[in-house]
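Participant: Take this structure first; my questions come after.
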Amino acid sequence: MAGMPETPTTWTPAATYEDIRYELSGDGIAKITINRPEVHNAFRPQTLIEISDALDRAREDTEVGVIILTGEGTKAFCSGGDQRVRGDSGYLTEPGKAGAVGRFHVTDLHIQMRRLPKPIIAMVAGYAIGGGHVLHLVCDLTIAADNAKFGQVGPKVGSFDGGFGAGLLAQMIGVKKAKEIWFLCEQYSADEAREMGMVNKVVPLADLETATVAWAQRMLTMSPFALRLMKASFNAAEDGLSGIQQLAHDANLLFYSTEEAAEGREAFKAKRRPEFEKFAKRP
Ligand SMILES: CC(C)(COP(=O)(O)OP(=O)(O)OC[C@H]1O[C@@H](n2cnc3c(N)ncnc32)[C@H](O)[C@@H]1OP(=O)(O)O)[C@@H](O)C(=O)NCCC(=O)NCCSC(=O)CCC(=O)c1ccccc1C(=O)O
């Protein structure tokens, strides 16, 4: 395939976790792999806590420009919340412990993924189901293998995601189709998901990683700050004031590098009047 790397990427482990793997390509890509194939990569709270930590790690690493989120093996990207640790008050960190109080760790994770100023690609082989489907929706791009299957199961298993799982989906594929997905809980092929607009590209399973890495490498040739601002701009429209806040604070980051902003800081430190009149009133 044109533009594909000629040799497979060699991934180097860069942190130790229980439920996930965190690896680096050495040329700017971080890969986070949910490593629970025995349950189709369903997530328990520990899994989400570790993904969150790995995302922070990738964010803070100035060598990393693109993040890939995937699942171990070819059978599943992620099958959503681990039903075995679902309690009556949310998902339990310590199932079986008397008085354990559950929560939805995934709520904060979705926000973290949207705020993270680097592109995240979902690399999907097999099932992206339930909360696993929402995870791929929240990623910036999705590349799917031809064996991928997409769908929500909430109403079938006594759950629902009225947050990004509903709103973002509706925005991507239209309200009627989003309602169909949630109300009927059926599964859709990779090609159907691409036609709907929630998958960017479908490739043969054997080419999934090389195709994903090729897109990541292409983004690594782009201006990182322009990508950051584009991600923030897309989210600003969807996330209301908190989205605008991120875009505005990114503008602040750039403003701080100007002589005009430095003049305010230096004048304060020198206890003198700032000489802002010397700066152009730009048209
Ligand atoms: C994914 C399936 C359709 C695959 O079916 P199949 O190929 O026949 O495989 P199975 O034999 O069913 O599965 C193999 C093996 O894995 C176990 N397993 C699969 N999924 C889970 C799971 N989610 N939790 C625990 N275990 C799982 C399965 O039991 C088998 O184990 P054995 O020991 O071999 O028996 C099918 O597996 C399936 O439908 N799975 C269940 C999907 C599901 O119920 N997911 C949870 C949906 S609810 C959710 O994700 C909560 C989170 C959420 O949605 C949410 C809620 C509110 C706010 C936000 C969110 C959010 O975004 O997360």
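Using N, Cα and C of the backbone, Cβ positions are placed for all residues, glycine too.
Just lifted these from TrEMBL, have a look:
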| type | residues | note |
| --- | --- | --- |
| BINDING | Ser79, Gly80, Gly81, Asp82, Gln83, Tyr91, Tyr127, Ala128, Ile129, Gly130, Gly131, Ser159, Tyr256, Lys271 | substrate binding site |
| SITE | Tyr91 | site 'Important for catalysis' |
| SITE | Tyr256 | site 'Important for catalysis' |
Participant: Drop a 10 Å sphere on every Cβ of the binding-site residues Tyr127, Tyr256 and tell me which sphere holds the fewest other Cβ atoms.
Facilitator: Tyr256
Participant: What is the number of other Cβ atoms found within 10 Å of the Cβ of Ser79 (substrate binding site)?
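Facilitator: Within a 10 Å radius of the Cβ of Ser79 (substrate binding site) lie 25 other Cβ atoms.
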Participant: Relative to the Cβ position of Gly131 (substrate binding site), how many further Cβ atoms are located within 10 Å?
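Facilitator: Cβ-Cβ neighbours of Gly131 (substrate binding site) within 10 Å number 26.
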